[in-house]
Amino acid sequence: MLLLVLALLAVLFPAGDTQDAFPEPISYYVTQSSSFFNSTWAQNQASGWLGDIQIDGWNSDSGTIIFRKTWSKGNFSNDEILEMEELFRLYFLGFVKEVQELVSDFQLEYPFEIQGIAGCELHSGGAIVSFLMGAIEGLHFMSINNYSCLPAPEGGTRAQKFCALILQYKGICDIVENLLTKVCPRYLMSVLEAGKAALQKHVKPEAWLSQGPSPEPGYLQLVCHVSGFYPKPVWVMWMRGEQEQPETQRGDVLPNPDDTWYLRATLDVVAKEATGLSCRVKHSSLGGQDIILYWGNSSIGWIILAVFVSCLIVLLFYVLWFYKHWSYQDIL
């Protein structure tokens, strides 16, 4: 079932001639999620990812590919793109029909969902790691590696039955192996070449501090926000001098709409011990010049500014009063 999409992808992703390799491991993978509500109603979703960046998707209403980046077509021609879209339309129709016919054989009950992921990862030096996995209702079902279908323990007899069935079709297995070990890396390199400028950019992070909800009386939650950085790897830690604070809690690195990233790191401390703490940020775009923000400095600055503004307002009122009073004396 899940292998049918890979057989089609072998046609969709022709080999490229890109020879330059990125120094860091990076992967391209396709995900599929198919929801079967009853014997006549199913819905398919698919997307293609370059690492953590979604570069294309599938519009199930129009039956067309959504290229989310100007460079995500790689070196494909318009004719090849049209062919891809037609093959995907045929695939999804066939996939739904085949699954619905095998519902009883594989002991499936409506509603259910099938997920699949397949792709390849390139390492420096040209090493290739390919992968293909399938799941039902979020549970690992099977995987394919080196001409072997490996049923997952949680897949039970259904997974064993599927592997026994698919391995009878050596032609499909040959296509899948070729796709994962040869075609996928070449397509990946084509996209990397087309998107080199965007993928190799370095954007400096912005950082600021705030106070979160108090975890308990007498405590403060210190929050360090880091946003707008690219690439994704970043190091954020609360410090006291040069001593890392192991109680620092890092959230997930979340995407911004502009393909940069956001992260927050929190630290719960006794209120009277907050003085002297700082947040340190390390990122490749900073050239070794870490961002260091000290807790309390911003608050002191605002207090000083508020006092200065207040004094200025009082002085202004005094000058106006004096001017009016002096003018009144002149009239008399």
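Cβ coordinates are placed from backbone N, Cα and C, and glycine is handled just like the others.
Keep in mind the model is a prediction, meaning the values are calculated, not measured.
Per Swiss-Prot, the feature topological domain 'Extracellular' maps to 18-301; the stated evidence is sequence analysis. In this model, the topological domain 'Extracellular' (18-301) carries an average pLDDT of 89.
Spatially close to N38 (N-linked glycosylation site) yet at least six residues away along the chain are Y110, P111, judged by Cβ distances under 8 angstroms. In this structure, N38 (N-linked glycosylation site) is part of a beta strand by DSSP. Look at Swiss-Prot and you will find N38 (among others) tagged as N-linked glycosylation site, backed by sequence analysis.
N75 (N-linked glycosylation site) falls outside any helix or strand according to DSSP and counts as coil. Marked as N-linked glycosylation site by Swiss-Prot on the basis of sequence analysis: N75 (among others).
Swiss-Prot lists C120-C184 (among others) with the feature disulfide bond. According to DSSP, C120 (disulfide bond) is assigned to a strand segment.
Taking a C-beta cut-off of under 8 Å and a sequence gap of six or more, N146 (N-linked glycosylation site) has these contacts in its own chain: E177. In this structure, N146 (N-linked glycosylation site) belongs to neither helix nor strand by DSSP; it is coil. Under the heading N-linked glycosylation site, Swiss-Prot lists N146 (among others), citing sequence analysis as support.
Note on C149 (disulfide bond): other Cβ atoms within 10 Å of its Cβ, all shown chains, come to 21. Taken from Swiss-Prot, the feature disulfide bond applies to C149-C163 (among others).
What Swiss-Prot records for 185-295 is domain 'Ig-like'.
Mapped onto three states, the DSSP output places C279 (disulfide bond) in strand. Its Cβ placed at the centre, C279 (disulfide bond) has 25 other Cβ atoms within 10 Å. Marked as disulfide bond by Swiss-Prot: C224-C279 (among others).
The feature N-linked glycosylation site is assigned by Swiss-Prot to N297 (among others).
Swiss-Prot lists 302-322 with the feature transmembrane segment.
Sequence annotations record features per position, and here Swiss-Prot assigns motif 'Internalization signal' to 328-331 based on similarity to another entry.
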Fewest-neighbour residue among disulfide-bonded residues, criterion Cβ within 10 Å, set C120, C163, C184, C224:
C163
Count up the helix, strand and coil residues in the domain 'Ig-like' (185-295) according to DSSP, in that order.
20 helix, 52 strand, 39 coil
Could you measure between C279 (disulfide bond) and C149 (disulfide bond) for me? Cα positions, answer in whole angstrom.
48
